[in-house]
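Undergrad: Feature table excerpt (TrEMBL):
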- 272-399: domain 'Guanylate cyclase' (DOMAIN)
- 781-919: domain 'Guanylate cyclase' (DOMAIN)
- 54-75: transmembrane segment (TRANSMEM)
- 82-102: transmembrane segment (TRANSMEM)
- 108-129: transmembrane segment (TRANSMEM)
- 136-165: transmembrane segment (TRANSMEM)
- 171-188: transmembrane segment (TRANSMEM)
- 565-588: transmembrane segment (TRANSMEM)
- 594-617: transmembrane segment (TRANSMEM)
- 624-643: transmembrane segment (TRANSMEM)
- 649-666: transmembrane segment (TRANSMEM)
- 673-692: transmembrane segment (TRANSMEM)
- 698-718: transmembrane segment (TRANSMEM)
Amino acid sequence: MVGAMETRRLSGNIFSRDKNFLKSIFYPQFESELIEKNYKLNYLTNIYPSNHRLLVFILISHSLFYLFEIFYLKLEINSLKLIYLSLLCSTICLNLLSLLIINRIRNIILSNIISLLCLCPLIIITCLYPMECHIYFLIVLIYTISNLFLPLSVLISILVTILVLKLQTCLILLLIINIIGIYLNRLLESTIRSAYNQLYAIVRNSLLSEHTLISKMIDSLMPRKYAEVIMEDFDVFRERLQNINASSNQREDDLQMTVFRPLHIERMENVSILFADIVGFTQMSSNKSASQLVSLLSDLYGRFDDLCVQMSCEKIATLGDCYYCVSGCPEPRQDHGKACLLMGLAMINAIEEFDQDNNEQVDMRVGVHSGSVNCGIVGTKKFKFDIFSNDVTLANKMESTGKPGYVHITESTYLLVKSDEFQFEQGPSYKLTTNLEIKTYFIGKRRLSHRITRKPPQMTLATAAAFAVASGVSLSVPLNDTNYISNQSTLANVSSPLLEEVEQARRATISEDDLPVCLTNNKKNVENLTDLKIETEEKQLNIPLNFLTLKYKDSKLEKSFSRKILRYELLIIEILLSILSFLLLFIYLPKQTLLSIIMITFILIQLILALIIIRYYKKLTNNLILINLFQYFYLLSPLVLLLIIPKDYLITTPSFILFVSTYLTLFSSINHLIKILLSFLSILIYVLIIFFNNHIEILILIKIISCLLISLIVNYGINRQIELSRRYEYNVINKSSEQRNEIEKERERADWLLRNILPEHVIEPLRLLGGSYSRNHPCVAVLFASLINFHVMYEEQYEGGKFYARILNEFYGDIEELFVDPRFSNIEKIKTIGATFMAASGLQTDSNDENSIKSVCDLIEFALAFQETMHQFNQALLNFAFEIRMGLNFGPVTAGVIGTTKLFYDIWGDTVNVASRMDSTGEKGKIQVPEYVALALKDKYQFELRGEIDVKGKSRMTTYFLKANSNK
């Protein structure tokens, strides 16, 4: 519904808002000059040629009929007849010649001139030989198929009327035909313009679409290579969660799914992995507020993100103060080793520039190793693109055993880059788990005479997309239209960067030409971009029609179109035109008592039906048959009158010609073939009646039949044109409706992706703060849970480790389904680091009550459920059982959203560090906590003293283990 409402709103903005009502009727235009220009070009390219060919067919048919009449009836040839013959022949020649050039015309005025030239012989014939059939054909063609401007059509019609004034009996009929002609002219143009308006909206939407936003969301999660397949999993994940919710009252055993979750993992050989750690981060963060720390990390990691793009590396993740990326994955590269090495050296230079810009004193320790990885998506909640293998672990060890200001590389990387101009320094040998030793090398930082980084902008591509999705900016809303963005005062400072970033994305994907960056010209830029895709969209909308019946070849589309009822406004207008024409016809026809009674009866019935339709239109729309019966009644009412008085054929024939050629073009929702059938039957009945009642001469009858057959051709041409325009409009509307449905799916996917990047409680503050988020939380519980024997199971000799990646994916999937349980609704998965799962509780509240331990209890219950889930999972494993080790802590943390090319929600602080140490120094099957946690929870849980242990960064700490089944 939102997408539909916004598309209508956008469509309304495209039409002219000119206050001059008469001008908007006689010379309608789109508000934008560029849209008007595109519309005219589209009209001249696709619509005008087919309409003109129809006009040529009618005019040539008219000429041939009268040539046949002249020669068949062997009329005497005199000077006037010669002029008549030459005009008829010139009509044929001019129209045939026009067919040669109509496809090349790109000027609307020139098209009018050509149409006028084709009509000129008929105009001259009408003025020299003012037969009523000529006049009616000419006027209705001028208003409809000739494609002339309405003011020009009215002017020519008035001139023709003045020139044939000696036929005074036709003035009332001329009034009828002019009124209906003006209506048909407006109907045809408004239908075509409405269709083009919808078409333009579709293209404009596709340029400012949810797709742009969702692309950025995907880029924040994974390489584009995995985007298409992971989006296909959206329905799978949603259906699985729905099944879990539906089964919430069943036994836990019933919740076990028999179908594996989607897995997107592949083995990549010949890659290089880089790990980098900030030296001095703890000291830097110790005296910073949440916003200051997040701002600094965003600044530093933003520089690293830019370098990743420059060095053709793929950023994987940030782990607190650790940053890691890969080269040669997911797209292979021959120079992956050199790319990673240059990335590491650039990071060391970048952190120096960061220190200078922010008056800090931090350094970089970098480790690089070359080998193989398993890469892909693991997990179903807060998933991301990740890499894991024994070589990833080794790269991490190179970082941890390195030294500040140096890149520490293994021998495998050295062999790849030794021929390059790097200064190598022998490093200590590193002993692998297999007791083999490998050589390592150091490369010192470069001395550069120029800067290589800059402070990243506040609003980046990724944050712009996240902000837009969080703000609910619809696909169909131009992002520079602040009327559609809530809280304008709050967002004033971010709308321009958002536009700039989306404009950059649009510019990069659609056009390589230089475009103005000025955001005040954003609307013009969008229109220029629209011009690039309008032709493609038109081709997609050219759905094949049956040439004779004009039915869609798509049966579903044809079925839905056949149920389409004429719009209320048009139906009322056509009913009023029908009644007015009926009244004028009554004035024109000779007055007879019976005729007057019938006329008055019909008019009363028509007025009553009109009131019924006005009053009960909404109810009648459900009864298509009744609506059609009403339309047929209005359409055929004049026929009854004309058949009552057929003896005076001199009076009724002009009326009957008008009835067939013009009146039967009303009620455009009736199929044109049905109207042709009605016209043919009416002509047949009329000819038979006047022939038998009047016993007229055969020559006169042939002339009447000739006029009526031309009327039938004109009727066919106009009704065909009207139905074509209606079908074109309906096709465009149907296309836009399909796209709106797709928009809703894209919106769901975008929201789903957003919630896989950011926690629910972060999204609203992110929107209000214009794409930035940082918060200090006084009391947050943090849990680290590691599968300590996964490395024992993991074997890269079999399928390169993909089989074990699937097992890990299924395990994480089972754990993540615990979040569906309402008991754990306040717990957030932070990330997974290989075989380690990190979660936190208490991030959703801003409470300053530091003694509140509810969040800690919630996380302990989650940890216990985690263990239970692992035990259930182990039952499905053959000859193996996972062993878990857990560490838990609570206290103050800093939370924030960082990243430029890839967004990450993360938490930092001593609380997080200690929780990690509680895990790494713990024992299998146990949950280790610091002493103050055990003391704070002693009334709720039972703990057993472990004693003092060495903890990195803390010297000696007293820790406790949570006892099993210790709930009090």
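Our numbering is plain: 1 for the first residue shown, then up by one each step along the chain.
For all residues, glycine too, the Cβ spot is worked out from N, Cα and C.
Annotations in TrEMBL come from automatic prediction, not curation.
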Undergrad: With a Cβ cut-off under 8 Å, give me the same-chain residues at least six positions beyond the ends of the transmembrane segment (624-643) that come close to it.
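TA: Beyond its ends, the transmembrane segment (624-643) has Cβ neighbours at 563, 565-566, 571, 574-575, 578-579, 581-582, 585-586, 589, 595, 598-599, 602, 605-606, 609, 613, 652, 655-656, 659, 663-664, 666-667, 669-670, 675, 678, 682, 685-686, 689.
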Undergrad: Per the definition of 3+ C-beta pairs under 8 A with sequence separation of 6 or more, do the transmembrane segment (108-129) and the transmembrane segment (565-588) touch?
TA: no
Undergrad: Under the DSSP assignment, what numbers of helix, strand and coil residues are found in the domain 'Guanylate cyclase' (781-919)?
TA: 61 helix, 40 strand, 38 coil
Undergrad: With CB pairs under 8 Å as the measure, which of the listed stretches 54-75, 171-188, 594-617, 649-666 comes out on top against the transmembrane segment (136-165)?
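TA: Per the Cβ count, the answer is 171-188.
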Undergrad: Which residues of the same chain, at least 6 past either end of the transmembrane segment (54-75), have a Cβ under 8 Å from a Cβ in it?
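TA: That would be 81, 84-85, 88-89, 91-92, 95-96, 98-99, 115, 118-119, 121-122, 137, 141, 145-147, 699, 702-703, 706, 709-710, 713-714, 717, 720-721.
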Undergrad: So what's near the transmembrane segment (82-102) in sequence-distant terms, Cβ-Cβ under 8 Å and 6+ beyond its ends?
TA: 48-49, 52-53, 55-56, 59-60, 62-64, 66-67, 70, 111, 114, 117-118, 120-122, 124-125, 128-129
Undergrad: Residues sitting near the transmembrane segment (171-188): Cβ under 8 Å, six or more positions beyond its termini, same chain?
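TA: For the transmembrane segment (171-188), the far contacts come to 25, 132, 135-136, 139-140, 142-144, 150, 153-154, 157, 161, 165, 570, 573-574, 577, 580-581, 584-585, 587-588, 654-655, 658, 662-663, 665-666, 668, 718, 721-722, 725.
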Undergrad: Determine which residues of the chain contact the transmembrane segment (565-588) at the Cβ level, with the cut-off under 8 Å and only residues 6 or more beyond its ends counted.
TA: 169, 172-173, 175-176, 179-180, 183, 187, 596, 599, 602-603, 606-607, 609-610, 613-614, 617, 621, 624, 627, 631, 634-635, 637-638, 641, 651, 655, 663, 666-669
Undergrad: If you average pLDDT over the domain 'Guanylate cyclase' (781-919), what do you get?
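TA: Looking only at the domain 'Guanylate cyclase' (781-919), pLDDT averages out to 85.
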Undergrad: DSSP-wise, what's the residue breakdown of the domain 'Guanylate cyclase' (272-399) into helix, strand and coil?
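TA: Here the numbers are 60 helix, 41 strand, 27 coil.
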